[in-house]
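Working notes for the structure below.
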Amino acid sequence: MKEQWTSFLAYRRKTLVFFELFSVFANMLVLVLPIYSLQVFNRVLSSKSLETLLYLTVIACCLLLLQQVLEYARQRILGNLKNIYEATFDTNALSIALSNTNEDPTEVLKRHRQAALYLSSPYKRAKSDLPWSIAFILVMFSLHPVLGSYALCTSILLILMIVMFSGSARQLEMSYQHYKGVQTLGAARIVSQAVLARSLRISNKLIAIWGHKNQHTSQLQLDASSKTAVLQSSIKLLRTLIQVGVYAVGAVLVIKGDVLSGALLASAILISRIVTPIELASQHYKEFQAQRDAFNWLNHILTSHKSVTKFEVELGDIKVRLQDVSFSCHERALLKSINFKLAQGKCLEIKGPMGSGKTLLMDTLSNRVQPTEGKVLFNDIDIRNIDENTLSESVGYLSQNPSFFNGTIAENICGFHDVASNSEKILATSKAVGLVDEVTRLPDNYNTVLESDDINLSQGQKQKLALARCFYGNPKLVLLDNPTVALDPTTKVKLLNTLISLKESGTTIIFISDDASLQSLADYVVELQEGTVVKGYSMNKNSSGSKNVTDLKPAAQYQSITY
């Protein structure tokens, strides 16, 4: 990925050289019409030579055609850069979004789209044309000092107006974007809990609260839009007045005999070309800034990316080890120096009060979240260095809030492998968790297409489907976060029998659950409190089936435990 990015940047630099070269000639050819008007008014009309007019017209038309070809080439260069970037890095951006645990995936994809727009931004053309505005002002000075002074003063006036209006409008826009993001997130949360809100009959109250907060956001948007509209209207008005004014100034000079009428028309053409890049740059600068920041962020991610050697190893039976695992977010330590070892084929229960870090620890074990410090080791190999295919085949994971991907039920169970060749394993896994009867009642059975978080499935059906996905392929390590939620008693028995069978076959099991029958499987227990291991003990089972809890060490020493 890093090599691709480096090659693309080199290609971009070479391409932009041609862009700037074409810009030079395209802007030089802007002088064709002013020169043509000078020749027609000052030479052709005085000599009354139709032959001269014909030659001048043919030459002017050819040069204007060349100018349009160069303009088209400039546009295509930027467009091709954008197309090549998208074709090369669309999948890479998705990969970054999925693998970068420190960033919101949707934000990564948004920056990717902005980076693509940065490459073809109209601001680039305006920026390339801006230096030529100075050159054209000098040309107007050569026609007459008064015309040059008029062009210089009006250009400065236009720039000052843009700067003054843009400053206040930008502050309002930034405030609006901040509050808009907060409100959008709030609306998304309400929508995601729509069924619960309706059942509690609080939908109207939630909407009213959100609407009240949104009034401030709407007012900020209105103020920002008004400022922007005033700015754009003022720029257009000033531009029109500038063009009218150059005719007036030129007419006065013609009347006084200081310039010929050709200079008047040439000045009108040049003044339009002088102010156009300024106006275009002001229109696109704000969005260009966001696009440039996104491109620079992506450049930082890709250039600082270090390729990690992924081991395609056969894990076989898995023993788990946590080595000084810590996780912090917003300078708050959520997991603190957790150390323990769990032998292959053993069963560990993670306990603790709400907010103690149980689910975060499970997410760390599943590689869903990477620790800010320390390592998670499977068979003494850092899981960050293990090939993802190996992990997916060896580790089964049930999250606290399971979700599904767009695809069939069968595809979701088998991890989007070939369904036909894995149908027997899919069916066996479904039977183990009592999913078969649920699926056969659906219109297309295992070919029923699921949308993400499909509302057509009950909570119990979702849990069974998630368990089937977790147990598919007889994984060597099973991670379960509250697996009995929403399950009926019959399914709980099936789940317990499945776990017993897996354990007897040598599968290592780590779970979080308040279910007594599931807790009976645990060989060991780790208790968390505020992200720290405060207790760890084994569950010694005597012949009568009762359990004697034996503390392994005093609580203060439970930062390092071996099972």
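Every residue gets a Cβ built from N, Cα and C, even glycine.
Curation does not apply to TrEMBL; its annotations are automatic.
Among the features that TrEMBL reports, domain 'ABC transmembrane type-1' is placed at 21-290.
If you look up TrEMBL, you'll see 320-555 marked as domain 'ABC transporter'.
According to TrEMBL, the transmembrane segment annotation covers 21-41 (among others). Long-range contacts of the transmembrane segment (21-41) within the same chain: residues 52-53, 56-57, 60, 63-64, 66-67, 70-71, 73-74, 77, 125, 128-129, 132, 135-136, 139, 260-263, 265-267, 269-270, 273, each at least 6 residues beyond the stretch ends and with a Cβ under 8 Å from a Cβ of the stretch.
Annotation comment: TrEMBL describes 53-73 (among others) as transmembrane segment.
Sequence-remote contacts of a segment are chain residues at least 6 beyond its ends whose Cβ falls under 8 Å from one of its Cβ atoms, and for the transmembrane segment (134-165) they are 27, 30-31, 34, 227, 230-231, 234-235, 238-239, 242, 245-246, 249-250, 253, 258-259, 263, 266-267, 270-271, 273-275, 278-279, 282. Taken from TrEMBL, the feature transmembrane segment covers 134-165 (among others).
If one looks beyond the transmembrane segment (53-73) by at least 6 residues along the same chain, the residues whose Cβ comes under 8 Å of a Cβ in the stretch are 18, 22, 25-26, 29-30, 32-33, 36, 39-40, 44.
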